[in-house]
Amino acid sequence: MTPAGRTGPTLAVVGATGAVGAVMLGLLSSRQDVWGEIRLIASPRSAGRKLVVRGEEVEVVALDEAAFDGVDVAMFDVPDEVSARWAPIAAAKGAVVVDNSAAFRMDPDVPLVVPEVNAAAARIRPRGIIANPNCTTLSMIVAVGALHAEFGLTELVVSSYQAASGAGRPGVDTLRDQLTKVAADPSLGTQPGDVRRAAGDFGPFPAPLALNVVPWAGSLKDDGWTSEELKVRNESRKILGLPGLRVNATCVRVPVVTAHSLTVHARFENEVTVTAAHDLLRAAPGVVVCDDPAEGEFPTPADVVGTDPTWVGRVRRALDDPYALELFLCGDNLRKGAALNTAQIAELVAAELL
Ligand SMILES: NC(=O)c1ccc[n+]([C@@H]2O[C@H](COP(=O)([O-])OP(=O)(O)OC[C@H]3O[C@@H](n4cnc5c(N)ncnc54)[C@H](OP(=O)(O)O)[C@@H]3O)[C@@H](O)[C@H]2O)c1
């Protein structure tokens with residue numbers, strides 16, 4: 001029992017001070033409380049800082065082995081290399097790790113879990129680690145998984161419209177700084193290079209993001225693909241259990257603070273209709289259909305930011321292919337795309353422990 005009289009498994013939040021960590025503390029404060037002690041962990045830079053979770057101030061402790069003493073579940077919201085080093089240490093000390101980084105997602109001994117799609121996979125975790133998918137895949141897979149269960153998915157062609165916060169706090173700071181700079185000159189956006197010269201620091205992006213779209217997210221991989229595009233392919237295949245699924249993604253960064261959007265061309269084994277797709281999506285947990293074009297109703301990132309579900313609109317049957325659907329999806333990359341999915345997985349584990 002904690003000093004506040006709480007019983008339940010002990011939870012560690014590693015990376016509590018980051019962009020995902022901040023959303024996680026909000027979620028832990030608002031979701032049904034299944035936890036006993038919640039321990040907040042970050043780098044030594046943040047040790048001693050006080051953060052509020054469940055209405056109480058909790059002091060942040062530095063990441064070291066002792067920080068995992070007595071911990072039942074450890075969420076990791078830290079850079080890949082920090083997870084790669086410390087998640088196995090936490091697991092060796094008896095904690096079940098739920099990792100938000102890319103360090104273990106494609107490890108065959110680590111399940112990659114989206115509770116609405118493959119919750120049972122969370123129970124088979126030979127390394128004591130469960131991985132959380134990347135935010136772009138998560139923003140579409142709940143809806144696509146529901147359609148796959150009925151129609152049998154064979155191919156995805158995806159374009160993403162990704163928010164600045166997908167690049168962490170530095171991404172948001174860069175976008176806001178550039179927006180301030182370009183707002184000062186109403187003539188910008190009319191001559192080649194004028195925005196580039198006015199925007200100043202590009203931060204984590206390879207081109208100005210304000211007044212622009214940037215066809216790049218992640219790092220360069222073979223044959224011109226980016227790491228982010230390959231994640232969409234590899235992680236979709238693993239979550240859906242479809243190792244041969246045809247997936248092609250183009251990831252694009254847009255000047256939105258938070259909430260990723262995607263256009264999806266999904267092809268199936270069976271013929272599809274818009275009515276059947278609407279019915280399936282309306283019944284799917286974690287999905288909201290917002291699709292009345294005659295009334296101008298479709299999801300936009302500015303309208304869905306801060307909400308939990310995957311929002312689906314613009315559902316159309318492909319004009320030349322009765323087996324394919326066209327969709328527009330939006331989801332908050334820091335909530336379902338990161339912290340919420342991690343919290344849901346951790347709650348599955350807590351239910352096992354209880
Ligand atoms: N942003 C997204 O949309 C998103 C979505 C899905 C997954 N993710 C993944 O989630 C993870 C966190 O992302 P973020 O956007 O929250 O990053 P962030 O804002 O940069 O926060 C990073 C966190 O990691 C901590 N940290 C860094 N180095 C550390 C070290 N050596 N030891 C202990 N703690 C350390 C930081 O603590 P200090 O404050 O003490 O430095 C901070 O709490 C990353 O793996 C990212 O890829 C992000």
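Numbers run from 1 along the shown chain.
Placed from the backbone N, Cα and C atoms, the Cβ positions cover glycine too.
Residues within less than 8 Å, Cβ to Cβ, of CYS135 (active site, acyl-thioester intermediate) and separated from it by at least 6 positions along the same chain comprise GLN162, GLY166, HIS260, ASN333, LEU334, GLY337, ALA338. Per TrEMBL, the feature active site, acyl-thioester intermediate maps to CYS135.
Using a 10 Å Cβ-Cβ cutoff, HIS260 (active site, proton acceptor) registers 31 neighbours. Taken from TrEMBL, the feature active site, proton acceptor applies to HIS260.
Other Cβ atoms within 10 Å of the Cβ of THR17 (NADP(+) binding site) number 20 in total over all chains. Annotation comment: TrEMBL describes THR17, GLY18, ALA19, VAL20, ARG45, SER46, SER165, GLY166, ASN333 as NADP(+) binding site.
In the three-state DSSP scheme, ARG105 (phosphate binding site) falls into the coil class. Long-range Cβ contacts of ARG105 (phosphate binding site) within its own chain (separation 6+, distance under 8 Å): LEU112, ALA131, PRO133, ASN134, LYS231, ASN234, GLU235, LYS238. Here TrEMBL flags ARG105 as phosphate binding site.
The substrate binding site feature in TrEMBL is assigned to GLN162, ARG253. In this structure, ARG253 (substrate binding site) is part of a beta strand by DSSP.
As annotated by TrEMBL, domain 'Semialdehyde dehydrogenase NAD-binding' applies to 10-125.
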(message) To see if you understand the setup: which same-chain residues, six or more apart in sequence, place their Cβ under 8 Å from that of ARG253 (substrate binding site)?
(response) GLN162, ALA163, ALA164, GLY166, ALA167, PHE205, LEU209, VAL213, VAL214, PRO215, TRP216, ALA217
(request) Provide the number of Cβ atoms within 10 Å of the Cβ of ALA19 (NADP(+) binding site), excluding the reference atom itself. (result) 22
(message) When DSSP is mapped onto helix/strand/coil, what comes out for ASN333 (NADP(+) binding site)?
(response) coil
(request) Across all the protein chains here, work out how many other Cβ atoms are within 10 Å of the Cβ of SER165 (NADP(+) binding site). (result) 26
(message) Give me the long-range Cβ neighbours of ARG45 (NADP(+) binding site): same chain, 6+ apart, Cβ under 8 Å, in sequence order.
(response) none
(request) Express the predicted model's confidence over the domain 'Semialdehyde dehydrogenase NAD-binding' (10-125) as a mean pLDDT, rounded to an integer. (result) 97
(request) For ligand 1, pick out the recorded positions THR17, ARG253, HIS260 that have a CB under 6 angstroms away from one of its atoms. (result) THR17
